[in-house]
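Below: the structure, in structure tokens.
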Amino acid sequence: YVAAVYEHESILSPNPTALVDRQSALELMGRNLDIYEQQVVAAARQGAQIIVFPEDGIHGFNFTRSSIYPYLDFVLHSDFVKWNPCREPYLFNDTEVLQRLSCMALKNKIFLVANLGTKQPCEHTDPHCPSDGRYQFNTNVAFSDDGMLVATYRKHNLYFEYAFDTPPEPDYKMFDTPFAGKFGMFTCFDILFFEPAVNLIRQYNLKQIVYPTAWMNQLPLLAAVEFQQAFATAFNINILAANIHHPTLGMSGSGIYTPVKSFIYHNLESYGGKLIVAEIPVITTDFKTKLKKTPGRVSGKGNEQLPPLFYAEMMYDNFTFVPVWGEKGEVQVCANTLCCYLNYRRAVFTDELYALGVFDGLHTVHGTYYVQACALVKCGGLSFSTCGQEVTDATSLIGFQLWGNMSTPYIFPLLLTSGITLDFPDQMGWKNNHYFISKNRTSSGLLTGALYGRWYEKD
């Protein structure tokens, strides 16, 4: 099927904490919706059957609970009400944004997914009801190609979003399409947690996901395109990911991903939005991970000098590292219960410093979640203290096998190359209670080759 995602550079409120009236809020959102409309027309012309827009794209961000209120549409989070906002605008008040989105879908005969702020009044008899008598949700909406509202999803894992409430229960939301079957949806930070993202995919055996996001890139392990691809690979699904474009905030990185190929956009240099349109296969069956050679054990060959262990901070976590020196070799490094093993060969020997790092613990900055990671990374310079820094360019072409005795089945294989481009493992999977990835030789300089494990039970 043909899919489109749009990385949108939002027109933002100059002062998001100021209180404005509904009319002014609609005016600002209207300017963003005008751009959406142009992109829907462009995508439909290229044969797209579905288009996805980013999180916060219509209203922007950095609001307070009261300053966002004029920007919120009313939406009934119910699967029982069949409603076409374009054809039946009179049914509910404060639905101007929904009406415009619905009309875009209808006019262009395209499925459309967007993110907006929504409000829902609640009674004080409801124990979860906020003191101001209303819920405010970060919401994805999906419209069918005739403008029907077919699904609404309320973001569960909020990322410092003080204007919004967490829904009382996680939403598992899907919609059906004639061209690719069922699509599931969740938003941004949700991708790092079991609920609802992983549970949704597993419970309903979903193969297509739409994913609005407003993601700040964090190298070396959590660049947007890097993790989006790893997620598609780990679950053997297609992901249509639309990120916001704000280079000054480090926000870029959208794509259309399959488990074996991706169409991506990552650009922190220039301004303006970007439409990606690609044709991808509908995944119907599980393709099996290719398994060939068993990774060998690293043998202690007597009295040879082992490389020194050192510690450095990476992604705000204290990693234990071992340097990856020379043209080829085998190294290992352990922390807590996790041991990581690497054998490597550099096709072209450069003086760049690489290191193999391990972390097995609770990550506590900008969210709390348990990580098990084995990571081969390029260091920022030639001294150990630069390992773990954000690096965007590399020249070393490396072939490697990396494996670890992970305690969780949820492992995201990361393979990031120079200029924030993606590469794909030749093989990966479980062998003798170890998870491994191998790459014969990277297509360009290696930035990160890693196993990023999420041990959800220990969050």
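Yeah, the Cβs are placed from backbone N, Cα and C, and that goes for glycine too.
TrEMBL lists Glu55 with the feature active site, proton acceptor. Its Cβ taken as reference, Glu55 (active site, proton acceptor) is surrounded by 27 other Cβ atoms within 10 Å in the chains shown.
TrEMBL lists Lys155 with the feature active site, proton donor.
Around the Cβ of Cys188 (active site, nucleophile), the same chain contributes Glu55, Lys155, Asn157, Tyr159, Tyr211, Pro212, Thr213, Ala214, Trp215, each under 8 angstroms and 6 or more positions distant in sequence. Summarising the annotation, TrEMBL assigns active site, nucleophile to Cys188.
Across the domain 'CN hydrolase' (15-282), mean pLDDT in this model comes to 97. The annotation domain 'CN hydrolase' is assigned in TrEMBL to 15-282.
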